[in-house]
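Sequence annotations record features per position, and here Swiss-Prot assigns dCTP binding site to ARG110, SER111, SER112, LEU113, ALA114, ARG115, ASP128, VAL136, LEU137, GLU138, TYR171, LYS178, GLN182. Taken from Swiss-Prot, the feature active site, proton donor/acceptor covers GLU138, and the record attributes it to sequence analysis.
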Amino acid sequence: MRLCDTHIEEYLDAGKIVITPRPPKSAISGVSVDIRLGNEFRVFSEHTTPYIDLSGPKEEVSSALDKVMSEPIIIAKNESFFLHPGELALAVTYENVTLPDDIVGWLDGRSSLARLGLMVHVTAHRIDPGWSGKIVLEFYNSGKIPLALRPEMTIAALNFEVLSAPAARPYNKRVDAKYQVQQGAVASRINQDN
């Protein structure tokens, strides 16, 4: 069952879903909560790496990732991060989100931003039961003009579904939970896959 606005507010009041800072009522609509953009970004830096063998030896994958990803870029609240056409950037939500073992979250981009060519999450829009932390966004500008992104602008909507039962292996109890409690624009940790 997908939660409606009334139930989202009840779950927030009860502490079953935790979003910090707590969104105002105006950010909660029919079936979703507006989520804002944080101030940390990462991009692909200039490099000479010809490719990354995603199924290669973990040490080689790790080394390649270190070469291609920038250090975190922190943007002041009144400044903009410019995402140019054809560029991918990682960013992070302003809010921390914590879900219980029986709720899955779904992150959706905003239609108004998509109409300008901004993809807010390239593919990863599921927020697992047991998740806690800031959500990393995978931005891609598929449009034809640069887009100025500002910290704390509304960037996406998060909605929630109640599972048929609590998950037996929620994210916070998995040994391989490589992004649990992330607070920044964490780069890919594919080298930690089993």
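Note that Cβ sites are derived from N, Cα and C of the backbone, with glycine treated the same way.
Taking the C-alpha positions, the distance from ASP128 (dCTP binding site) to GLU138 (active site, proton donor/acceptor) comes to 17 Å. The separation of GLU138 (active site, proton donor/acceptor) from ALA114 (dCTP binding site), Cα to Cα, is 13 Å.
According to its DSSP assignment, SER112 (dCTP binding site) is helical. Cα to Cα, the residue listed as 'active site, proton donor/acceptor' and ARG110 (dCTP binding site) are separated by 14 Å. The number of other CB atoms found within 10 A of the CB of ASP128 (dCTP binding site), across every protein chain shown, is 19.
Other Cβ atoms within 10 Å of the Cβ of SER112 (dCTP binding site) number 9 in total over all chains. All protein chains shown were included, and the count of other CB atoms within 10 Å of the CB of the residue listed as 'active site, proton donor/acceptor' stands at 17. In this structure, the binding-site residues under consideration are ALA114, LEU137, and the one with the smallest number of other Cβ atoms within 10 Å of its Cβ is ALA114. The secondary structure of ASP128 (dCTP binding site), as reduced to three states from DSSP, is coil rather than helix or strand.
Shown in sequence order, VAL120, THR154, ILE155, ALA156, ALA157 are the residues of the chain, 6+ apart in sequence, with a C-beta less than 8 angstroms from the C-beta of ARG110 (dCTP binding site).
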